[in-house]
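J.: Have a look at this one.
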Amino acid sequence: MNVDDVEDRDGVRLSWNVWPSSKIEATRTVVPISALYTPLKEREDLPPVLYEPVTCKPPCRAVLNPYCQIDVRGKLWICPFCLSRNAFPPHYKDISSTNLPAELLPKYTTIEYTLSRPAQIPPIFLYVVDTCMDDDDLKALREALVVSLSLLPPNALVGLITYGTMAQVHELGYDACPKSYVFRGTKEYAPKAIQDMLGLNPGARPMGAGAPGAPGGPSQAPRPPNATAQMGASRFLLPVSQCEFQLTQILEQLQKDPWPVANDKRSQRCTGVALSVAVGMLETTFPNTGARVMLFCGGPATEGPGMVVSTELRERIRSHHDIDKDNAKYYKRAIKFYEAMAKRAAGNGHTIDVFAGCLDQVGLLEMKGLANLTNGHMILADSFQMGIFKQSFHRLFQKDDQGHLQMGFNATLDVQCTKELKVSGLIGHAVSANKKSGCVGETEIGIGQTSAWKLCSLTPRTSAGIYFEVVTPAGQPMQPGSRGLIQFVTHYQHASGQYRLRVTTIARNFAEGGSGQIAASFDQEAAAVLMARIAVFKAEIDDSPDVLRWLDRMLIRLCQKFADYRKDDPTSFRLGENFSIYPQFMFHLRRSQFLQVFNNSPDETAFYRHVLNTEDVNNSLIMIQPTLMSYGFEGPPQPVLLDSVSIRPDVVLLLDTFFHILIFHGETVAQWRKAGYQDQEGYENFKEVLENPRADAQDLLADRFPIPRYIVCDQNGSQARFLLSKLNPSTTHMSGGMYGSSGNSGAAIFTDDVSLQVFMEHLKRLAVGASSN
């Protein structure tokens with residue numbers, strides 16, 4: 001089985017592709033049976049299926065798939081999950097062994113149904129914009145927002161809230177002059193108060209009554225509460241085609257917050273109130289409808305609910321050290337506030353994106369729940385003028401071949417499995433849908449105690465880690481060739497306005513515990529990423545040393561189980577081909593910014609962890625173990641070891657860490673470049689060595705999201721630290737005698753970190769020695 005082909009077809013990578021037949025054997029394999037699933041994985045050969053799916057009777061409700069046994073004469077099918085017999089619906093009457101519908105063909109283990117019920121409401125985009133920033137930043141942000149209006153579907157509903165010292169909800173339906181409803185930035189508003197002030201409740205009049213379209217007068221006939229709320233909301237949320245001119249005018253005239261700021265103070269910024277108003281407005285008017293709240297913040301919240309630092313500049317925003325020492329004054333209260341906000345949004349299928357444009361921290365750590373629980377985007381840039389923000393923001397609105405946005409809204413993911421397996425949980429950007437089906441296991445990994453989750457929004461990149469446990473007791477006889485099945489069912493609102501159901505069904509064989517088939521089926525790349533997600537999930541709760549010890553313990557146990565060795569003889573230690581680079585992944589994961597917070601701000605740590613929990617196997621591996629290409633005069637570009645020995649004066653290196661793309665010129669290359677040899681005749685070869693990495697870097701930048709930081713640096717330059725921090729320090733200031741290493745063995749790295757070689761020696765010694773618990 002080629003795991004890449006399976007991923008292309010079904011969007012699934014499994015840690016094990018043959019499963020242990022009993023619970024005890026499954027625990028001995030150390031790495032749990034788990035899947036990294038990309039629900040909207042792009043697949044061009046999927047047929048359009050314009051009818052409703054056939055499902056098993058309740059409570060099973062599994063969807064018809066190629067693994068079902070069918071009786072074409074009796075027009076029956078047997079569900080492989082609950083073994084119930086079901087009759088085909090009347091429109092399947094012409095079914096025969098040579099005339100099968102697409103969902104029963106073996107090549108369509110993944111299929112997407114376009115459901116007959118269209119969405120009642122088009123997608124909603126509510127911009128929440130910070131105005132406490134300098135004029136250049138605000139101008140760049142205004143321009144980006146105006147451009148984004150042209151990228152939205154014409155029928156999409158759009159709204160605008162701006163905030164600084166106060167939060168203002170702009171009434172787009174009033175075109176006589178700019179009009180907005182103002183909320184005080186220091187006050188915490190209950191959802192009902194927000195709805196009353198905006199006139200969204202039946203019988204309520206907005207503050208400043210008499211506004212056009214205000215609902216609820218004594219003479220009006222009663223309406224359903226939601227219809228009334230939507231009428232009230234139509235003053236604030238209008239189709240783009242209807243309000244583009246008005247909204248563009250408001251954006252172009254947007255000024256910096258007028259409240260005076262003393263030299264020793266920060267701006268008064270009420271981020272929490274602005275978000276409360278946005279979430280309160282949407283949950284009343286459009287519950288369980290596809291919507292995105294897009295928050296653009298140019299600095300930290302300094303007043304009202306959700307504040308992360310005071311307005312006094314002499315008070316620094318919290319660091320990792322402050323949080324560890326419980327010395328972060330506003331931290332716990334802010335986390336609690338934003339998480340409660342995120343849960344309210346997620347419960348209604350609404351997504352919150354956070355775009356930060358500031359050199360200092362903006363409180364992304366406290367706000368991480370907004371994006372993590374609603375599967376929103378998180379973008380971190382030094383300013384809104386930077387290409388990282390502008391290109392990432394506009395790339396969000398990419399369209400498919402039919403001209404629809406490549407995003408799904410208000411999504412749920414449901415997982416079904418055969419009786420031998422139970423679902424332990426999901427690690428990714430979701431909240432539990434609290435579905436207590438028979439598939440729910442006792443062991444909890446990530447978001448557990450459910451077999452369904454709300455994802456709120458989806459893109460073709462969204463990947464979720466789902467973890468399982470084997471529950472078959474030991475000693476129970478197993479039928480030869482028996483297999484287990486897992487079905488992933490994703491229901492979402494497509495950008496075209498239709499509801500769609502993507503169904504992926506996979507089957508894998510069971511094998512006895514001692515069988516070599518289990519070891520041979522190990523996918524070390526998928527396993528590394530799925531274990532990295534568990535480690536990061538633990539790191540959010542525990543402190544890092546405990547997580548590192550857990551990772552080391554798991555690695556030692558895996559090697560003890562699957563390596564070949566003679567007891568107490570480290571030189572005899574051998575790992576099979578499909579386990580050989582797993583320890584290397586763990587070495588780089590231990591040193592990565594996901595688990596080592598030194599040199600990163602809390603906001604950066606929150607951002608890096610957010611992105612890791614979004615991406616598929618290949619992109620996640622680049623984050624864990626970056627790729628390094630070498631360009632020299634001796635031959636074509638080639639991948640080289642992520643090691644200090646790869647630094648040579650006569651080569652150019654291209655490092656891809658996913659978050660950074662860095663071109664590094666060796667010492668000699670840098671001197672020649674500065675001397676301008678590349679522009680002289682006869683040095684075309686040198687010019688090519690300089691240009692090739694640039695061209696390859698542009699290819700990497702072309703489809704990456706978020707846009708990585710692009711760095712060009714020279715050996716011994718200050719920016720070279722980005723490369724040196726990622727390399728295995730096989731040559732350090734302590735190698736090769738007292739005064740550093742000799743010239744040809746790579747650059748010396750000044751570090752006390754152990755090298756991969758030392759790490760592997762320790763691993764071998766521990767694996768072949770006494771067993772580790």
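A Cβ is built for glycine as well, from the same backbone N, Cα and C atoms used for every other residue.
Note that the coordinates shown come from a computational prediction; the quantities given were computed from them, not determined experimentally.
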J.: With the ranges 204-229, 308-333, 724-749 to choose from, which does Swiss-Prot describe as region 'Disordered'?
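T.: Spelled out, Swiss-Prot records region 'Disordered' over residues 204-229, not the other listed ranges.
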J.: Tell me the Cβ contacts of CYS79 (Zn(2+) binding site) under 8 Å, same chain only and six or more apart in sequence, or just say none.
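T.: Expected: CYS56, CYS60, ALA62, CYS68, ASN86.
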J.: Could you tally the C-beta atoms, other than its own, that fall within 10 angstroms of the C-beta of CYS82 (Zn(2+) binding site)?
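T.: There are 17 of them.
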J.: Quick check on the binding-site residues: of CYS56, CYS60, whose CB has the lowest count of neighbouring CB atoms inside 10 Å?
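T.: Looking at the binding-site residues CYS56, CYS60, the Cβ with the fewest others within 10 Å is that of CYS60.
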